[in-house]
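K.L.:
I have a structure here, written as structure tokens, and I will follow up with some questions on it.
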Amino acid sequence: MVPRFYKRPWIIIAVCAVITVFFGLQLPHLKIESSSRDFLPKSGESYLRFNQCEDEFGSMDLIGISLETEDESILTPEYLTVVGRIAARIENLSDIEKVDAISNIDFVTSEDNSLVATNLIDEELYSIDENGNPVFTGTKADIRKINQKLIEWEEMYDRVMISDDGRATQMQIVISENRIDSDGNSVKISNSEKNDILQSVKKIVSEEVSGTGLNQTVYGDTVVSDEAHTFMVHDLVCLIPLVVLVVSLSLFFSFKTTDGTLLPLLTVLISTIWSCGLMSLLHFTFTIVSSIIPVALIAVGSAYGIHVLTHYYIALEKNDKPMTKELHAEIIWSGVKEVFGAVFLAGLTTVVGFISLVTSPLEPLHSFAIFASLGVLFSLLLALTLVPALLMTKPVNLIGKKSDRMEAIIARAKRKASSKLEKIHSEHSEERKAEDSTYYSLFRFFAGTKPRLILLSLAIVICSAIGIKKLVIDTAMINYFPATSRLRRDIDYVNKRFAGTNSVYIIVSADSQNSAEAASGLDSDGSDDSFDDLSFDDFGGFDDFNDFTSEETDFSDESIAASVRHDMTNPEILYAMEGLQNRLLEEYQEVGKVVSFTTFLKRMNQVMNAPSSDSAETADDVANLSKTASVQELLELFSEAYADAGGNDATVEAMMSKLLKKFNYNGTDYYEIPYDAEKYPVESREELADLVSQYIMLLGGDSLDRFVVPQGSFTPTKMRIQVQLRTHSTDSVGEIIAYAKEYVANHFPEGYTVEYTGTSEMEYTMTGMVISSQFTSLLLSLLSVFIIISISFKSGIAGLIGAIPLAFTIILNYMIMGLTGIKLDLITSIIASVAIGVGIDYTIHFLETYRAERANSDDLELVVKRTFNKSGVGIVTNALAVGLGFLVLCLSQFIVLRYIGILVAIVMFSSSALAMTIIPGILHLYDFKFMKPKTEQK
């Protein structure tokens with residue numbers, strides 16, 4: 001008797017339609033994001049540390065622009081005009097924190113006996129045209145002077161502002177993280193707003209570069225996010241219709257009816273709308289991982305509707321009575337009742353596979369687990385409710401009607417195939433009996449005996465171990481893009497020509513007690529009141545600079561002298577920071593540049609100690625240089641410089657540097673951290689901290705704001721080191737961070753804390769989270785599989801047998817990834833869950849069929865043969881259908897989704913193959929009690 005629930009099909013249909021419309025209206029509000037910053041848990045240390053760093057030092061969201069000419073140099077009036085115009089226009093955009101370009105970058109020098117940060121290119125060299133745009137008006141002599149400045153502070157500008165060959169320049173645009181709204185509140189700038197800024201930047205660059213012959217490259221985290229967003233939209237628009245087409249054709253060829261084609265497809269499309277609509281309603285972010293959900297639901301979820309319709313058609317064919325609505329309803333219900341248990345168990349096990357990822361701390365995996373599982377449940381629910389309801393509304397005269405045209409096509413194909421195979425079939429009729437299928441033959445070959453089963457198992461374990469050893473875990477987001485994509489090519493170009501497109505930030509801070517001591521002399525605005533009434537003229541210029549520290553200022557216990565030795569002006573910590581920076585550059589080719597406060601400090605020290613034009617020292621040098629040096633003296637001079645520069649390993653640049661230092665040309669001998677007390681007019685090294693504070697005071701302005709905290713303080717308590725990298729490999733990032741930690745432990749003085757942050761550090765942290773979540777989800781899913789099968793068969797041994805082929809499938813997947821170079825990352829980590837969620841169906845299917853056949857016979861070999869005859873084709877067909885559905889991902893714009901498509905197809909093959917080799921191999925050798933009929937068990 002048909003339950004009351006199914007007697008009102010239009011109510012079921014109406015309810016489903018209303019829910020679908022409701023969730024469909026939520027889809028336009030679905031938040032599509034692809035920034036790696038949003039992947040980490042918001043309460044995680046790495047994420048919090050990153051945000052704190054941005055709050056203290058400013059935004060780390062950068063857009064890079066590279067301009068390259070085919071000419072000999074980028075330093076021409078025409079190109080410098082282009083650079084100036086681009087920088088000026090971008091500065092006028094809203095939410096731009098800072099623009100660094102060769103036209104406006106700081107240059108630390110002396111001016112009117114004072115230490116100042118001026119523009120590298122003097123402002124007067126740019127005039128303003130009638131449209132308000134800057135135009136470079138300098139001469140060739142001015143350009144030579146610019147080039148000389150670039151060389152003079154090479155550590156700051158080389159491979160940052162200009163390439164080694166001088167044909168390319170680089171600009172950096174810093175996007176603000178927050179803005180102040182009309183109510184005076186700080187509001188975070190969204191990723192979509194940042195993408196709008198990026199489009200404005202691209203437009204400005206394209207307009208200004210047009211007709212100049214300059215090649216432009218735009219890159220940065222915002223560019224990666226924008227490109228990922230574009231790829232995601234493309235995939236959603238193109239891949240979903242394609243997978244719908246593939247599944248539709250598969251369904252039509254299987255059922256040859258409109259019902260059989262549309263109804264299973266309808267259930268998965270509706271479940272996808274519900275799942276994604278609910279994601280939007282609950283304000284979850286739709287990420288790259290989430291883009292797999294529609295494909296997975298259509299490929300996997302359609303199976304439930306197929307099962308229901310298959311049993312419906314079987315019941316329909318068995319009926320020999322005149323069709324009526326009441327009889328049709330009985331037929332529908334009998335099909336549903338017969339398949340309910342199997343479909344429910346299949347859906348439950350698939351949910352178990354997907355939901356195991358919910359333990360991951362990574363937001364994309366967490367949300368994927370939730371909404372993929374809900375999508376599967378929705379598909380299951382719709383298959384058991386909406387499909388029967390729609391069948392019940394079908395007119396009696398259309399029940400069971402198939403496409404006559406398709407029937408004719410299939411019939412012709414069958415006749416042709418039959419004629420060609422008739423001879424083969426007649427010759428091998430005995431071998432082609434139902435009891436002796438191809439699948440059974442393969443089983444006998446690989447696992448038909450105990451030695452073969454053991455050999456197969458050992459081969460899987462050994463080969464997997466070899467492949468797993470080569471498995472690389474890397475969560476860098478650029479790996480999601482093909483190497484041939486414009487984004488990857490641009491990043492490779494910049495990494496080759498400049499200092500790199502990736503960064504690690506090292507934060508060095510004085511411990512809280514030292515920070516409090518250093519801050520005790522600060523005003524409420526963070527500045528130091530000890531120097532408020534002083535100017536450089538107060539201590540008489542460069543020649544009297546050192547008198548300032550010894551005579552004019554009283555450093556009592558409450559003064560700076562007592563506190564700076566414990567803060568970041570301490571020469572010990574500055575010297576250690578400089579040593580770390582140098583070692584990173586020496587040890588790692590991936591490190592393209594290291595910039596920090598010490599880069600400014602060395603330049604300030606150089607400028608302050610450069611001989612002035614009217615000093616006695618300079619006069620003596622000029623007099624000495626005017627004398628004719630003997631050949632012997634010149635040879636000794638060059639020999640000494642050659643030896644100091646490394647002897648056989650010496651370079652011309654190193655020799656010139658030694659010669660310049662020897663004569664202190666432009667203060668070159670003082671381009672260093674003030675550390676050697678004997679070289680400076682102080683009694684001890686600790687007093688050099690006062691010197692550092694004075695340099696900070698004299699420089700003023702905002703040049704140091706991105707490197708010291710508090711900004712404006714002469715006694716900073718925290719500093720930031722920017723390590724630019726030419727790689728995005730999280731493995732390399734991890735090595736560099738590990739080396740830095742070891743160096744800090746061995747060389748940094750006590751009383752200081754060192755932390756690491758940046759997008760690269762977050763991606764490295766994500767690597768550890770992927771490993772831990774992978775282990776946890778696999779353990780949880782395999783345990784769930786064990787429990788489900790154990791309960792279903794009332795035997796723990798059954799659960800263990802069912803888990804073995806799934807475990808083998810997973811390690812084989814890792815083997816393939818290791819041998820083919822496919823990295824384990826945020827996205828590929830879901831494959832194991834898919835393998836368990838779908839692969840367990842094949843295991844249960846085979847075990848259930850075997851148990852049914854075992855009840856009819858004591859001949860284990862015959863039982864295995866009959867099990868293959870009944871379940872073999874179904875398992876392979878299901879695996880083929882799911883694999884083909886996922887193979888559509890091979891057409892994705894993302895290379896990582898192409899890997900997913902291929903790997904899932906392989907996993908479907910391996911899981912189905914192992915279910916039909918390992919399981920029958922064990923059952924054939926051991927006649928377990930749980931498989932015996934109840935009477936035999938007694």
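Backbone N, Cα and C atoms are what each Cβ position is placed from, and that goes for glycine too.
Predicted automatically and left uncurated, TrEMBL annotations should be read as such.
Pasting the relevant annotations from TrEMBL:
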type     : residues : note
TRANSMEM : 9-27     : transmembrane segment
TRANSMEM : 231-255  : transmembrane segment
TRANSMEM : 262-286  : transmembrane segment
DOMAIN   : 265-393  : domain 'SSD'
TRANSMEM : 292-314  : transmembrane segment
TRANSMEM : 335-356  : transmembrane segment
TRANSMEM : 368-392  : transmembrane segment
TRANSMEM : 453-472  : transmembrane segment
TRANSMEM : 775-793  : transmembrane segment
DOMAIN   : 799-925  : domain 'SSD'
TRANSMEM : 800-820  : transmembrane segment
TRANSMEM : 826-844  : transmembrane segment
TRANSMEM : 875-896  : transmembrane segment
TRANSMEM : 902-926  : transmembrane segment
K.L.:
Please list, for the domain 'SSD' (799-925), how many residues fall into helix, strand and coil according to DSSP.
P.N.:
110 helix, 1 strand, 16 coil
K.L.:
Which sequence positions outside the transmembrane segment (902-926), separated from its termini by at least 6 residues, show Cβ-Cβ distances below 8 Å to it?
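P.N.:
Result: 439, 442-443, 446-448, 450, 452-453, 456-457, 801-802, 804-806, 808-809, 812-813, 816-817, 822, 828, 831, 834-835, 838-839, 842-843, 845-847, 850, 860-861, 864, 867-868, 872, 875-876, 878-880, 882-884, 886-887, 889-890.
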K.L.:
Count the CB pairs under 8 A between the transmembrane segment (453-472) and each of 9-27, 231-255, 775-793, 800-820, 875-896, then give me the winner.
P.N.:
800-820
K.L.:
Give the one range among 775-793, 800-820, 875-896 whose Cβ atoms make the most pairs under 8 Å with those of the transmembrane segment (231-255).
P.N.:
875-896
K.L.:
Could you tell me what the rest of the chain brings near the transmembrane segment (875-896), counting residues at least six beyond its ends with Cβ under 8 Å?
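P.N.:
Here the qualifying positions are 228, 230-231, 234-235, 238-239, 242-243, 246-247, 250, 288, 292, 295-296, 298-300, 302-303, 439, 479-483, 825, 827-828, 838, 841-842, 845-846, 902, 904-905, 908-909, 911-912, 915-916.
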K.L.:
Sort the residues of the domain 'SSD' (265-393) into helix, strand and coil with DSSP and give the three counts.
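P.N.:
The breakdown for the domain 'SSD' (265-393) reads 109 helix, 2 strand, 18 coil.
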K.L.:
Across the domain 'SSD' (799-925), what is the average pLDDT of the model, as a whole number?
P.N.:
89
